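What Swiss-Prot says about this one:
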type: SIGNAL; residues: 1-15; note: signal peptide
type: DISULFID; residues: C62-C78; note: disulfide bond
type: BINDING; residues: A65, D82; note: Ca(2+) binding site
type: ACT_SITE; residues: H81; note: active site
Amino acid sequence: MKLAYFSSLLPLALAAPASVVDPREPKEDITDRYLFSTPLPTFLEYREKENPDSLDWTSDGCTHASNNPFGFPFEPACQRHDFGYRNYQAQTRFESDSRYRIDLNFYNDMIFQCTDVSALRSCHGLADVYYAGVRMFGGFAKRDEMGAVVASATDPKESAEDLIAVYYTALQEYHQAVKADQADGLLPRL
C-alpha cells in the first residue's frame with residue numbers, strides 16, 4: 001500500500017521545478033548560490049527555465065574568448081560567467097574581489113567541463129588561456145579613442161604586465177599541449 005502511494009507521487013516529484021525560490025530571498029543571495037554553490041549542470045537547468053526571472057540570464061557565450069578549434073565544451077562555463085558578471089553589475093557589487101571570485105569559478109567550471117575530454121592536457125591548457133584572458137580583459141577593460149583594448153583596470157595586485165605575461169605563458173603551454181595531444185593521436189592535426 002505504501003509503495004503504491006509513493007509510486008503515485010513520483011510523477012509529481014519529477015514534474016516539480018528544479019529549484020523553488022523563496023520570493024523573499026534577496027536576488028544577491030540567489031545569484032551567489034547559483035554561482036558558487038550550485039553544480040554547473042544544475043545551474044544550466046535553472047538557466048533554461050530562467051528561474052527566477054528577476055535575474056539576468058542573457059549570455060553571449062564565449063564570443064570574446066580565444067579560438068577553440070577543437071570544440072572543447074566551454075559554452076556552459078561561459079554562460080555562468082556571463083550570469084555572474086551581468087548580475088553582479090546589475091546589483092552594483094561588481095568589484096575586484098567579486099570579479100576575481102567569478103573568474104575563478106569560471107576556471108573551475110571549464111576544468112569540470114574537461115572531465116570527459118580525451119585530450120585533457122589541451123582542454124586544461126585552453127582553460128588556462130581563457131582564464132588568463134578574462135583576468136586581463138574581463139569586466140574592467142579600458143579602450144582607447146579607436147575602441148581598441150589598451151589595458152585592464154584590475155586589482156592593483158595584478159599589473160597589466162603580469163597579466164599579459166601570464167596570458168602569453170598560458171598560450172605557449174596550450175600550444176605545447178596541443179602538439180603533445182596530436183602526437184598521442186588525441187587531437188587531429190589542423
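Just so you know, glycine gets a Cβ as well, placed from its N, Cα and C.
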Distance from A65 (Ca(2+) binding site) back to C78 (disulfide bond), taken between C-alpha atoms, in Å: 9
Just name the winner among C62, A65, C78 (the recorded positions) by count of other CB atoms within 10 A of its CB. C78
Inter-residue Cα distance where the pair is D82 (Ca(2+) binding site) and C62 (disulfide bond), in Å: 9
If you measure between the CA atoms of H81 (active site) and A65 (Ca(2+) binding site) and round to the nearest Å, you get 12
What is the total of other Cβ atoms whose distance to the Cβ of D82 (Ca(2+) binding site) is within 10 Å? 22
Around the Cβ of H81 (active site), other Cβ atoms within 10 Å, all chains included, total 27
